[in-house]
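Student: To start, I am sharing the structure in question, which I have written as structure tokens.
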Amino acid sequence: MSSGSLLLLLGLLTLWAELTPISTKDRPSCDKAPDTERCKRNVYAFYYNPSARDCLQFVYGGCDGNGKHFRSKALCLFHCHR
């Protein structure tokens with residue numbers, strides 16, 4: 001295979017990788033209900049609500065949780081809103 005063909009193949013693979021949508025495996029914390037169990041502390045956090053297609057605020061109790069909480073609405077939207 002010539003170097004030009006290899007370069008074209010590399011370019012196409014790079015383009016494919018950039019344009020492929022992110023799967024739900026990469027966003028596990030976006031698809032779960034928020035953990036509202038009370039533990040060591042109560043702080044405001046945000047979770048993604050797929051029905052509302054928005055990040056909503058809730059009281060996070062500080063437990064180990066399920067990974068579905070974000071410190072800010074901006075971070076939540078960045079990771080989950082598609």
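Glycine residues also receive a Cβ, built from the backbone N, Cα and C atoms like all the rest.
Note that the coordinates shown come from a computational prediction; the quantities given were computed from them, not determined experimentally.
Swiss-Prot lists these features:
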SIGNAL    1-24  signal peptide
DISULFID  C30-C80  disulfide bond
DOMAIN    30-80  domain 'BPTI/Kunitz inhibitor'
DISULFID  C39-C63  disulfide bond
DISULFID  C55-C76  disulfide bond
Student: Counting across all protein chains present, how many other Cβ atoms fall within 10 Å of the Cβ of C76 (disulfide bond)?
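Tutor: I count 24 other Cβ atoms within 10 Å of it.
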Student: Counting Cβ atoms within 10 Å across all protein chains shown, which of the disulfide-bonded residues C30, C63 comes out on top?
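Tutor: Highest number of other Cβ atoms within 10 Å: C30.
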Student: Per DSSP, what is the residue count of the domain 'BPTI/Kunitz inhibitor' (30-80) in each of helix, strand and coil?
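Tutor: Counting residues per DSSP class in the domain 'BPTI/Kunitz inhibitor' (30-80), I get 9 helix, 17 strand, 25 coil.
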Student: So among C30, C39, C63, all listed as disulfide-bonded residues, which is physically nearest to C76 (disulfide bond)? Use the C-alpha atoms.
Tutor: C30
Student: Compared by Cα position, which of the disulfide-bonded residues C39, C55, C63 is the closest one to C80 (disulfide bond)?
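Tutor: When the Cα distances are compared, C55 comes out closest.
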Student: May I ask which residues of the same chain, at least 6 positions away in sequence, place their Cβ under 8 angstroms from the Cβ of C39 (disulfide bond)?
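Tutor: Long-range Cβ contacts: G61, G62, C63.
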Student: Compute the C-alpha separation of C55 (disulfide bond) from C30 (disulfide bond), stating it in Å without decimals.
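Tutor: Checking the Cα atoms of C55 (disulfide bond) and C30 (disulfide bond) gives a distance of 10 Å.
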Student: Averaged over the domain 'BPTI/Kunitz inhibitor' (30-80), what pLDDT does the predicted model reach?
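Tutor: Overall, the domain 'BPTI/Kunitz inhibitor' (30-80) comes to a mean pLDDT of 86.
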Student: Using a 10 Å cut-off, grab the number of neighbouring Cβ atoms around the Cβ of C55 (disulfide bond), all chains included.
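Tutor: So the Cβ neighbour count for C55 (disulfide bond) comes to 22.
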